[in-house]
Amino acid sequence: MDDSKTNGRQNASRIVALANTIQKSVAELQAVLDSKGLPAPSFAEDASPDPLPFEAQKAQDAVLDATAELHDILLEPTALVLKTISNEYVAFLGFISRYDIPNFVPLGGRVSFTDIAKKTGFEEGIVKRLLRAAICRRIFQEPESGYVAHTKASKAMRSKILLTFLRTGADMGWYTIFKLVDAAEKWPDVQEQDQTAFNLAHDVQGTYFENVAKSAKNAELFASGMATQWELPGYELHHLLDGYDWTGLGKAKVIDVGGFRGRISIALAERFPDLDLLVQDMEMNEADAHAAVPSALKDRVHFMSRDIFTTQPVRADVYYIRQIFHDWSDKYCTKLLRAHTSQLEAGSSVLIHDCILPEVPGSSLPLWKERDMRAMDLGLVAHMNGRERSVDEWHKLVTEADPRFKIRQISQPEGSMLALIEVVFNA
């Protein structure tokens, strides 16, 4: 049998199957929108910035994965490889965020490349090239030759938090990844936070966090990045508030390990009046942090400056740890877990709130979401030798910390990008 003919028929069947999936799933998605009286998605400036309704998410996942696969399968091999080279993002997003172009372009109006060049001091030709690269990615539009107007994406970038997040990536983050292979060659152990692509790219000593802390500007950029992620679809706090039986704890003490400025603890205290919260983080100004807590919650939300890798001095019912493990290599994550053994007793637990990578690409997540998670994973190793982990890797990690640690359960609320991993200690 001619293998080329067989493969051709299989590919033909696949592209037809993908087209059918797209047609069926778009119809399902549109039916949800119609039932709720919602407009169809568009790139228009006045399009809704809200995520699609929860009921439409499965159809959305199917459409996005199928359209991406159909696009890729129709490319020749060389084009498929080369389309992954996206260095131009660093250039045009760096320009847009540094010079606050989204807030220079008026809502409902337009501005000329000439005016943008005058505002920024750039030569008009380079302004056109940068912004037209962005326009090809649906960021801004050119409704008339020589003029720039908003799309829903560029309008969203008027947000100070999002724009600052992009500025962080452009100024500090994205080109760090270019040194990842060099760093892995130089430090093959991939464990220490001061032996990373970040160190090579910026020619600095010390860890990423230590370097961020040296500059008030960089510290604020980092804080904005954190705030941005909490608003991304799949990372919202309601997944935590609704996804765990906090009420079932009764009157309980919860320690928010590595809780930064206490946003999560404040949200928990607002929803669950029986919880007493203590936020622990390194080099924290306890008084300043507590001053920002709403007055009605001040007696239940407290702060403690503490090196989270040293022995835990406070007993609690739950030690909640959100997206801290992914900042660290296994060497330090096992140390973090061991720091809690002296305080864990029957009924208490460590509640890890973090990503779970599929064991094999495409096996348990829509691929469009997994791509983002894999990108995050590489960003973590580039900056701090952190990592995302699969279920098997989580089990291995807790056992390596101490064989008496066991994962009691893993749950992932529908629509959440983070799983709740409940770890107990069988003393």
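Cβ from N, Cα, C; glycine included.
Listed in Swiss-Prot for this protein:
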ACT_SITE  H326  active site, proton acceptor
BINDING   W230, D281  S-adenosyl-L-methionine binding site
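Sequence features annotated in Swiss-Prot and their locations in the structure.
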{"residue": "W230", "record": "S-adenosyl-L-methionine binding site", "Cβ contacts under 8 Å, 6 or more apart": "E236, L237, R263"}
{"residue": "D281", "record": "S-adenosyl-L-methionine binding site", "Cβ contacts under 8 Å, 6 or more apart": "G258, G259, F260, F303, S305, R306, I308"}
{"residue": "H326", "record": "active site, proton acceptor", "Cβ contacts under 8 Å, 6 or more apart": "D354, C355, M376, L380, G386, R387, E388, R389"}
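DSSP classifies H326 (active site, proton acceptor) as helix under the three-state reduction. According to DSSP, W230 (S-adenosyl-L-methionine binding site) sits within a helical segment.
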